[in-house]
């Protein structure tokens, strides 16, 4: 039987998701064919070949890391957990972002990234962690919900879509990095 510490590694490896997402944010700044303020990160697949490759690989790495995180949640609970399910679904959406290009209906698996809103909140509710981490998790969930609402209602300003996506992504994936060190 595996120890709780080895299950924790399934959770703490989630810093990989942050590093992969942060790499996408940074790489897009150096592509002259991509406007990181106006364009979403996945739109860079239509830009230079090196960024197109990064846009396939980095979200895939991110998705796999989040799915492993979800499995870690199930392992730690030794049974059902909403955080684990949300992690698997959100991870699958990120993996699909790497596999399917923008415009393909499978890109993001039909909006499964919406589960990114619930993941930090479920984690705060289901796992024994400090009050500070619980509050941080709930704040990240709220900020992510606000971003998704702005995105889905069309209130995300066209001229700043890329910037708002990058800010929201760094907050969400920064949560994984902080969680991996908690």
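Backbone N, Cα and C atoms are what each Cβ position is placed from, and that goes for glycine too.
Owing to the predicted nature of the structure, the values given are computational and were not obtained by experimental measurement.
Annotated features in TrEMBL:
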- 12-30: transmembrane segment (TRANSMEM)
- 50-75: transmembrane segment (TRANSMEM)
- 82-101: transmembrane segment (TRANSMEM)
- 107-124: transmembrane segment (TRANSMEM)
- 136-153: transmembrane segment (TRANSMEM)
- 159-179: transmembrane segment (TRANSMEM)
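Between the transmembrane segment (12-30) and the transmembrane segment (159-179) there are 3 or more Cβ pairs closer than 8 Å, counting only residues 6 or more apart in sequence, so the two stretches are in contact. For the transmembrane segment (82-101), the most Cβ-contacting stretch among 107-124, 136-153, 159-179 is 107-124 (pairs under 8 Å).
Outside the transmembrane segment (136-153), and at least 6 residues removed from its termini, the chain residues within Cβ reach (under 8 Å) are 114, 116-121, 123-124, 129, 164-165, 168, 171-172, 174-175, 178-179. With a cut-off of 8 Å between Cβ atoms, the residues of this chain six or more beyond the transmembrane segment (159-179) that come close are 11-12, 14-15, 17-19, 21-22, 25, 28, 35-41, 43, 62, 65-66, 69, 116, 120, 123, 133, 136-137, 140, 143-144, 147, 150-151.
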